[in-house]
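Copied over from TrEMBL:
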type     : residues                                                       : note
ACT_SITE : Ser915                                                         : active site
ACT_SITE : Lys959                                                         : active site
BINDING  : Gly540, Pro541, Pro542, Gly543, Val544, Gly545, Lys546, Thr547 : ATP binding site
COMPBIAS : 89-109                                                         : compositional bias 'Low complexity'
COMPBIAS : 263-280                                                        : compositional bias 'Pro residues'
COMPBIAS : 761-774                                                        : compositional bias 'Polar residues'
DOMAIN   : 141-387                                                        : domain 'Lon N-terminal'
DOMAIN   : 826-1011                                                       : domain 'Lon proteolytic'
REGION   : 57-132                                                         : region 'Disordered'
REGION   : 256-280                                                        : region 'Disordered'
REGION   : 753-794                                                        : region 'Disordered'
Amino acid sequence: MNRLGLGLRKGVASSARASFTLWRPVACTSRSILDSRHLSHSAPALASPTRLLRHPRWINPKGRADDQSEVPANPEEVRLEPPEDDSPADSAASSSSSSSESAPPASSDDGADPPSKDPPPATPNQRTIAKQSVPEVYPHVLALPIARRPLFPGFYKAVVIRNPEVVAAIKDMMKRGQPYLGAFLLKDENTDSDVITDIDSVHPVGVFAQITSVFTATGRDDEPTDEGLTAVLYPHRRIKITELLKAGVVKVETVTPEQPQTVTPPPSPEPTPVVEDTPPPPDGPVHTAFLHDHPVSIVAVDNLTTMPFNKDDQYIRAFMSEIIFVFKEIAQLNPILPSSIFDEPDKLADFAAAVSTGEVHELQDVLESLEVTDRLRKALLVLKKELINAQLQSKLARDVDSKIAKRQREYYLMEQLKGIKKELGMESDGKDRLLEKFRERAATLRMPEPVRKVFDEELSKLAGLEPAASEANVTRNYLEWLTQIPWGQHSPENFSIGRAQTVLDEDHYGLKDVKDRILEFLAVGKLRGTVQGKIVCLVGPPGVGKTSIGKSIARALNRQFFRFSVGGLTDVAEIKGHRRTYVGALPGKIIQALKRVGTENPLVLIDEVDKIGRGINGDPASALLEMLDPEQNNAFLDHYMDVPVDLSRVLFVCTANNLDTIPAPLLDRMEVLEVSGYVSEEKAQIASRYLGPQAKEASGLKDADVLLDTRAVDVLIKYYCRESGVRNLKKHIEKIYRKAALKLVQDLGEDVFPEPEPVTEAQTTKSVESQEPPSNEPCGSCRPVTTQERQPLPIPDTVHVRITPENLKDYVGPPVYQKDRMYVHVPPPGVSTGLGYLGNGSGAVMPVEAIGKGGLQLTGKLGEVIRESAHISLSWVKSHAYELGITAAPEDSFLDSQDIHVHMPEGSIGKEGPSAGTALLSAFVSLLPRPKSIPILVTMTGEISLVGQVLPVGGLKEKILAAHRAGITTILAPAANRADIEENVPASVKEGIRFVYVEDVREVLHEVFRGSPVAERWKETLPLPSLTTTEGN
């Protein structure tokens, strides 16, 4: 328990032996020794009394000389008996320093020798002193500094003295019969010295103490040492230093590890005493003049008396009652409260402070208090703190005991339970709990009968296997998967057309055809109650929102969403799963999807189905046939599960960029929805509704006045982001807002956007440096870490940023596309303008150049189909040379001595497809026989045959968008594409464009060279079969 309890317990033991009622806490003595200096026990040394005639001393005339001290019979037993005084007058005179139950030591008032009766023989190491009265006035005393705790009158204290000079002085004092000194508390707790060199190093108020017993200090092997001495002090009264008459010589001790109770004082220079320069002792009392022969501390002191008080005062009685109550509270925690309590309030306060473990400055304040009420108040405060500590210690002990008892009780009960189950044959281990877990899972599922049969067989197999067997792990993993498939569990579907329309409009702008098809799909599901048997394939260029459309469908249907990509997949096991015989075998992706979503009717998005690979491990595209076939996937057989799994309720949505690479059998099982690119107006709306706000918030500018002008968005779309999708547009908008954030921080500086205070070293946990060489791994524990999230910084209202077409270049750099068409003015003969569809899903205006050179030479990174179109065009021109006016007679031939070179600019871009047929033929006719220019604002697209028919082509929406962007006014298109153009191309794109729908190349030539002299001749030699023209709005 605490030190107070120890002191009280020892006090009770001493009071039982004493002949007076004053407590003599021997334990406080032992405790003080442990607190201040190392103490060892040995036989007491002999100190024979001296005669007064030989060594004068101050004598209390009220004392008596017939009392003498008794030497204990057992020299090893130290009995610290307080000095006695039978004189009532003396007790009354010293009431400020002793209680009514305890009197100071007495001596003969006439200085006579002790009685003739010899004391018991003493051992050589035992010393005794004669009983003598305590002098009331003792102006000069040896000053002994005390460390850590002050002394209180009436309570013993044992100290160990190591300074040889002080030891010699004390021995001299004992021989002379002057065993008195002043004990003063050191201000520095870490200092341990036996002399005072500076009066400010100790507290001025101390105690006047009598040395009752001395013992020779022992070393480590319990052998006496000459320089050490243990003195037991009995304080009598309070005194105060008035002057330091003589400073002692400091001897600093080094505390060894074997002495944990002492504290090594800070190093200080040790003054060298100069004996010859020591001034003569000053005039003073004769009884202490001999101390000047020793290099010890001598001080002048005055007695301090307690101020008069009334024991019946209500405040004093209240304080005494409260202190006694606190003692009783402590006694409930430590049953050591004595049977009697002091009746003197001043002694009660001293007792409370002496036996407590309060702070040093608090105990010193009690010692320095001369007013009884103030002393009681301070002592009560110290004692209250002691009570709180005792209560906390008792609570901690009870908590620990209860935890230990609870664990022991649980352990015993579990052991008994195991024994009972073992005796009854009901012993259960981990395998039984595992089997019970599988049974509980299966009870919540609606397994089909074949699956339930397999489950029961595997469960029985697991019950008969040892847990350490490898087959047990395989069976356990199989049962884990078998019971985690959501058999019969599905999420309720929502076929509301209005909600689906709202969800699709919130997530996507435009895409009317796709949205209509999805709503049709939901309407059928609403009437049938299910949408099973449908596999949708979304085909379109990158960045048009195919994957996000799949998410929107899942949200509209209230289904779980799972996505996995098959791009580059070459292993059939990813679709069909591994055999269970393989180490680390797993089911296929679709089984993993069912486990992840927890329902049997999710929406599974199979991404990049047109990029599926093929390797030595099989053809995954063929493995998809079973999974995506509505006629087969109601009993899909995974290699790992080896039981039929119903996938008919799963809604599969596939995405692809090109249908050409999808195997025909797989494409046949899917319903294709084409997601074409966005026109400029749609891109602008998407940027203002979705991309702009998202990028602004992601850049930390959500509440800032940063505006991206709509005209700047149009410039971005026209000269930076011509792709069909909006992914590149999103990147550019994010870049704009990031640049705006950077400029904002740089312009306003760190004053407006201060960086938070870094983590200081005091806030970080430091560990002991390791002696191991540094590792190459990144160090995480040696750097400051925190769990506090950073908060966004507010942006001042004075910030206004505008991104306009004029300053757009500062944010995204120079334009990527400089101009929409190559020829601004009338092109030379042999040049025509065609429309092409680029690989990124966008259209482009593509000029075709032809020149006579020798032989037909094709350049411009042309594909095989374009090369064939060029040969077809040239062959048609040769076969109709007379009608075109190239030759004078039908039987004449031409181009025998000259050839033609065809080139399509932007040679680094690959070009492929049949759409350039009409443009190539027009370029040849423009070049031969007399060069003729083709109008610059006329463009064309269409495939031709050898007999001159114009065949339909694809990608017209993107091609017309490119023509609109380039300012084209007339477009020649195949008549077979008329319905497509009128239905799918927005009216805003067709505005200002005249469409000419042609079925024969003669119609193309008459339209291209309208108004020229050769066109008038062609009316006779090359008549028009028909001509159909529609004007754009």
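Glycine is no exception: its Cβ is also placed from the backbone N, Cα and C atoms.
Note that TrEMBL annotation is computational and uncurated.
All protein chains included, Thr547 (ATP binding site) registers 16 other Cβ atoms within 10 Å of its own Cβ. Fewest other C-beta atoms within 10 angstroms, among the binding-site residues Pro541, Pro542, Gly543, Gly545, are seen around Pro542.
For the pair Gly543 (ATP binding site) and Ser915 (active site), the Cα-Cα distance reads 24 Å. For Lys546 (ATP binding site), the same-chain residues 6+ apart in sequence whose C-beta sits under 8 angstroms from its C-beta are Leu538, Gly540, Thr655, Val675. Per-residue pLDDT, averaged across the domain 'Lon proteolytic' (826-1011), gives 80.
Across the structure, Pro541 (ATP binding site) and Ser915 (active site) place their CA atoms 19 angstrom apart. The 10 Å shell around the Cβ of Lys959 (active site) contains 28 further Cβ atoms across the protein chains shown.
Rounded to the nearest whole angstrom, the C-alpha distance between Ser915 (active site) and Lys959 (active site) is 10. Comparing Gly545 (ATP binding site) with Lys959 (active site), their Cα atoms are 20 Å apart once rounded.
Sorted by the number of other CB atoms within 10 A, the recorded positions Val544, Ser915 start with Val544, the lowest. Its Cβ placed at the centre, Gly540 (ATP binding site) has 23 other Cβ atoms within 10 Å.
Recorded residues Lys959 (active site) and Val544 (ATP binding site) have their alpha carbons 17 Å apart, per Cα-Cα distance.
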